[in-house]
Structure formats: C-alpha cells, structure tokens
C-alpha cells in the first residue's frame with residue numbers, strides 16, 4: 001500500500017509531477033483542491049470567500065483525512081495544507097511526504113505566467129509578486145521542512161525534465 005503526499009508552494013509542480021509519477025507507478029492521483037471542488041461543487045476561491053480562511057481550513061482538514069484513507073495514491077495538497085492544524089504530522093503518519101522545493105525565482109517565473117488564474121496573485125506587480133512569494137515561503141518553510149523527503153523541483157518545464165524528475169523521485173522513495 002502506497003500513500004505519497006506532495007507538498008510545497010503554489011507553482012512548485014505538485015500536480016505536474018504528481019500526475020506523471022502516479023501514471024508511471026500505476027497509482028491513483030488526487031489533487032486535494034480538485035477533490036474539495038468536486039465534493040462541494042464550488043471552487044476553492046468560492047469556499048474561501050463563503051467560509052473564511054478558518055472555515056475553509058477546517059473543511060480542507062476533513063477532506064485530507066478522507067483522502068488519507070485511500071490506498072495506492074499520490075496526493076497533491078494545497079500549498080497551505082501542511083501549515084494548519086496537525087496536517088503535516090498526520091500526513092507523515094499516513095504515508096510518505098515529499099516537499100517539492102523550488103527556488104523563488106523559478107516560482108516567480110511559473111506564477112507570473114499563470115497569475116491571472118490565481119486570484120491571490122492576479123493584481124500584483126512583478127515586485128509585489130516576488131515579495132509575496134518570498135514572504136510566504138519564509139512563513140511556510142518550518143512546516144514544509146517537516147516532510148520526510150525533500151525534492152528539488154526546479155526543472156519541470158518539458159516532458160524530458162518531468163520524466164527525469166519522476167525517475168529521480170522513484171529512486172528517492174525507493175519505488
């Protein structure tokens with residue numbers, strides 16, 4: 001039975017690497033945000049607005065506990081998931097946790113391209129975006145660093161890099 005939780009900041013590649021890794025290993029893939037959206041028929045943004053951060057984080061925690069019961073699965077968590085309640089410890093108890101560590105400049109490049117799709121980032125200038133990323137990483141690093149495995153995920157820009165990362169992650173996890 002395999003349970004792998006991918007954690008890291010938005011734009012770290014949790015979904016990109018998670019899907020590719022799950023496919024390679026014949027595992028199921030779950031994006032926790034998508035799982036929540038499917039269950040409640042609302043976007044994460046809508047749930048956040050309706051319930052506030054505390055209400056959303058409690059809901060997220062319940063959904064994390066639900067998906068942690070699944071077997072043979074790779075779970076891509078929300079960027080903030082490890083930072084609330086006992087979520088990080090819970091994931092460590094339930095399976096392997098992998099922190100996808102990405103340099104701030106790489107996150108900036110990835111998020112700058114997709115910032116209109118991310119409400120938190122949509123109206124930020126380049127300077128504000130970089131500051132936002134650095135501040136968030138500083139706050140979240142103590143939680144992310146509790147992962148059982150650290151994996152550098154700076155190179156996920158094309159199929160070759162993604163496959164190389166999948167191969168490296170397999171070796172790291174002895175799979």
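Each residue, glycine too, has its Cβ placed from N, Cα and C.
Secondary structure from DSSP puts residue 14 (ATP binding site) in a helix. The ATP binding site annotation in Swiss-Prot covers 11, 12, 13, 14, 15, 16, 118 and is backed by sequence analysis.
Annotated Mg(2+) binding site per Swiss-Prot: 15, in sequence order.
Under DSSP, residue 140 (substrate binding site) is assigned to a helix (H, G or I) in the three-state scheme. Residues or ranges marked as substrate binding site in Swiss-Prot: 33, 57, 79, 140.
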Nonlocal residues around residue 14 (ATP binding site), in sequence order (Cβ under 8 Å, 6 or more apart): 6, 7, 8, 31, 76, 77, 100
Whole-number Å value for how far residue 118 (ATP binding site) lies from residue 33 (substrate binding site) (Cα to Cα): 13
Distance [Cα-Cα, Å, rounded] between residue 13 (ATP binding site) and residue 79 (substrate binding site): 11
Minimum Cα separation from residue 12 (ATP binding site), reported as the residue among binding-site residues 57, 79, 140 that achieves it: 79
